[in-house]
Structure formats: structure tokens, C-alpha cells
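The domain 'Major facilitator superfamily (MFS) profile' annotation in TrEMBL covers 111-537. TrEMBL lists 45-66, 190-208, 214-236, 248-271, 277-295, 363-384, 396-417, 429-447, 453-473, 485-503, 509-530 with the feature transmembrane segment.
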Amino acid sequence: MNGRTSESEPSGLNAGLRKGSVFNKPLDLDDLLINELGQFGRYQITNLLLLSVPLIMSAFMSEYIFSAATIPHRCRIAECGEVGQDNLFEPAWVLDAIPAADTNTGFASCSRFQSTGNGTLNSCPANLFTTTTTDCNGEFVYSRDNSVVYDFNLGCQEWIRTLAGTLSSVGTLLVLPITGYVSDRFGRKAALIISVFNLALMGLIRAFSVNYPMYLALQLLQTTLGAGTFSSSYIFATEFVGPRFRVLTGATCSSMFAVGQAILGGVAWLIQPWRYMIMALHIPCFLILGYYWLVDESVRWQLSKGKYAEAKATLEIVARVNKKQISEKSFHALMNPPQQPDISETGVDEPTLIQGIWSSRVLLRRVCTTPIWWITTTFVYYGLSINSTSLSDTMYLNFILTAIIEIPGFFTAVLILDRVGRKPTMCTGFLFSAACNFAFAFIPQDLATVRLVIYLLGKFGISMVFTSLYLFTSELYPTKYRHSLLAFSSMVGRIGSITAPLTPALMEYYAGIPSLMFGGMGILSGILVLTQPETLGTKMPDTLAEAEAIGSPESMRQPA
């Protein structure tokens, strides 16, 4: 999944942490941002604007939605003089040679009547065909040619066609350890530039695919080596804003991905040949190599690696841009953190992650619950995006609208998360999206406008959930296990994004199956949200005991 992150922290620190008593506790970067540098000044805004470009480009890996889009097709009738794939798609005699079917075209896609003679392109009467049907034997006529389905003759191979989306999602799972290693070992800037370069290079090469296996292999390689673009940019953007602005910054990053999807739809609409469309999307991505000189390395990463001289230089740049000053005491405290005590000296064996989970029924229930939220969210979110192209003939506009509707969904969550709470926001988002999906499954096809509005509202609901998901999940786990269990939930959640591209193939059996699946998963997760305690106003738990006590009076955060 695309990561979305935020921290639930108070907007200010205790009065004792002001400048005059900066050594009352070990100074960290958040203290410096809150008290001296500014949590969201000119530097952070400029940084966010620069990182918005790769965030937008990270959406371009979803171009398989158009380059591997299904296109109407039928059997080629050689007896009527048809040669090759480029023939009139709906000749006057089509229903004499091909059975009628309840589809958008009105005739079957994968079967035809057997013939007893030959006709011509202009005259192929019904008496040349029997009522016995047969399959197409791999010979098709297509309504258009702007898809790999046409170039690689994938008619009636729907499950094979959908592999493009599935392998793309598999790549987003494989990329997690790769990007994590590069980011932690070589820095956020290196991870960002390498990811965008791989995204651009593999995408550009894929435009020259000579067969479908090559196209699929490059799709997998592109996401495996380049899908870290979003997470790298996201971390880069959020690591240097203050706690008060992290939810807002996270929603902005997610919105940039939605903008990227809208741009993708627009480019696919304007540039119909799929190879040229891919090139138009990916060639500009090489410009991000210039970020090596344009952006500064993450100070948090520099401090974590003990690169204090580089961190001090970066902080001085931030202070100058934000028109702030950092005291020498703060510099000294930040560059000389106290030594952490050796845990082994306590003589107490710390429980492992597995031991900690099994020793706590509360934690075990959460570990069994949060991954289901993530599976549902990615399944519905990506499923709605992918299936939007089949809403009507205006598939490009539908896709763009489905992307744009995410933005108000993200910011609606930002506005209400700290007012009504995490549980109501997530539960409402799941159930509202589920209700819209169930309704969509039964709305008649001729009510196109109503169907589109309901569909967009379903995407709005799941977008609310997406913004809330990372925050609520992280607040339920103690500090010691938070990163591991959050990563576990996110990784299991990839099941949803891997299976979502397969849902269009189910429409061959009944058009409403994907919507019913989205609705069912939404109801399940909406109910499961109610089984967990509300975390609004509570302290981030540091220990297992504190995590188990969430919801009790003693877990509430003291006013700043």
C-alpha cells in the first residue's frame, strides 16, 4: 500500500521544556521544532512542495489500468472475409454470426456460430451459419487498439490480463524491505532518487515491450524497485514538520498521490496509443535526479546516524529560511545525546515480540483485528479505482473523478479525527463506503449519473478511512512493538491490493460481484473497529500495560 503516516502528539510540550530548561529532559528534534525552529515554516512548506512532485509521479505506476485495459472484442469471422484484427467491429451481419449477449456491445465476446459457407464483408447472411456455437480459437476483432489486449491478442483471457495489476501490487510488497534498507543505510534522499530513477527507467523500457510476458516482468520490476517513491517522499516530508502538523502533512501527501492519479487519467485520455502514453508519463520522472542538489537530507536520519556536523549545517539552513534562531544550548544538547543505559544490566530478560503478543489477550485481539482493516482498505480503495474504468464509455473521466474525490475524503478525516475521535471516523468511513457499494450493485445501468455519484461517495468513504488507518493503528500498540506491528498490519494489508486487480474478471459472471465484495468487507471492518478502544485524548502507550489500559481514565493525556 501506499504508506500514510502521522503521530498523535500534543501541539505543545510542558512548560518545563521551554528554552530556559531545555536540559530537563533529553532534547529531541520535536522539542527544537516546537520551541525554536517552527513546526511548519517556510522551509517545511518549500520542502513539501518539492516533494509533491515525486508524490504525484508515484501514481504513474498505476498506468496499467489504461495500458492493460480491457477492450470490447468479438470473434473474427474469416468466412465473411475478415482478415486480421482491424475490421469493422459492428457490421450489419454481426448478430447473424455471433450470439446475442447481455453486454455493452449486445453480442458475445468469446463465442460465435459455426458456418456452412462463405460470404463477404458486405454480405454475410444468416443462412451461412448454424445455431451451434463454438469458441473463437484465438481469432478476434477489437473495438480499439490502445491496449496491450490488442497488441498481444489477449481477447477472452481476462484472468491473464488482470495479472498486470496483481504483479504491480506484489511488487509493492517486495519493495518494502529494499526501500527500508536503502533509506536507513544511505539516507532518505538516496532512497527517493534511486526509487524515482527505477520507476522512470523500468516504465520507459516497458513502453517497448514486444510481448505480454515482457510487459508483466517489467511491471513487476518497476514496482519492486520503484514503488518506494511514495514512502520515501512521504517520510521525507513528514520527518521535519512538528507534531501538530503531521496529520495535515500526511493528508497532503496522500492528496498529491490522488492528483497524480488524475494527471495519469488526463494523459491517458489525451495520448491514446499506450506506448506513447507510458513514455509521456515516465520521461519527466528523470528530472527528479536534480533533487540531489535541490533538497537537504533528513535531519532525523542524520542525527540517528551520528552525522552531527551535517545535521548542524542542515539545521542552520532551516533556521535561516524560517527566520529563526537556534540557541547554542539547544545545539549542544541535540548533538550530544545522553548514553542510553544497557538493558542487559537490569538482569531482566525482555520478552520477544511473539512472547509479548501471546502474553496479552488484549494485544493478541488487536493483532488479529488491525490487519483486517488494512486488507479491507487497500482492497476497496484500489478496487474502486481499477473498476472505475468500466463504469461507462467515459472511462478516463470516471477515473479522474474517482481520484479527485479522494482529496475531500482525506481532509474530512483530518478535520474530524481530533474532534469526534478515531473510532467514529473509521467506523463511519467503512460503513458509509459499504452502503454505497451495496447500493451501486443494484442500481440499474441506465441511471448512469446516479451510479457515478454513488460510486464516488463510496470512494470518498474509504479515503476517510485511509487517512485515519495509520494513526489509529499506531496508537493502539506500545512503543516497543509499534513499528513491527504497524509494519505487519501494512504488509498483510497488501493482500487487498494484490487481489483488487482481479475483481474486474468477476464481472463476467455478474456485474455486481466486485461491489458486493467491497461492501461485505467494509461492513466486517466497520464492526471490528467497534471492538477497539477510542484513542483520542490518550497518551501514546510506551509499555504493554499502558496499551492494555487504553480507554481507562489513567490513560488520558494531561492537558498541555
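Glycine residues also receive a Cβ, built from the backbone N, Cα and C atoms like all the rest.
Counting Cβ pairs closer than 8 Å to the transmembrane segment (248-271), the top stretch among 45-66, 190-208, 429-447, 485-503, 509-530 is 45-66.
Counting Cβ pairs under 8 Å that are 6 or more residues apart, the transmembrane segment (453-473) and the transmembrane segment (363-384) reach 3 or more and are in contact. Listed stretches 45-66, 190-208, 214-236, 277-295, 363-384 were compared with the transmembrane segment (509-530); the greatest number of C-beta pairs under 8 angstroms is found for 363-384. For the transmembrane segment (45-66), the partner stretch with the highest count of Cβ pairs under 8 angstroms, out of 190-208, 214-236, 396-417, 429-447, 485-503, is 214-236. Note: the stretches the transmembrane segment (190-208) and the transmembrane segment (277-295) are in contact (3+ CB pairs below 8 A, sequence gap of 6 or more).
In the predicted model, the domain 'Major facilitator superfamily (MFS) profile' (111-537) shows an average pLDDT of 87.
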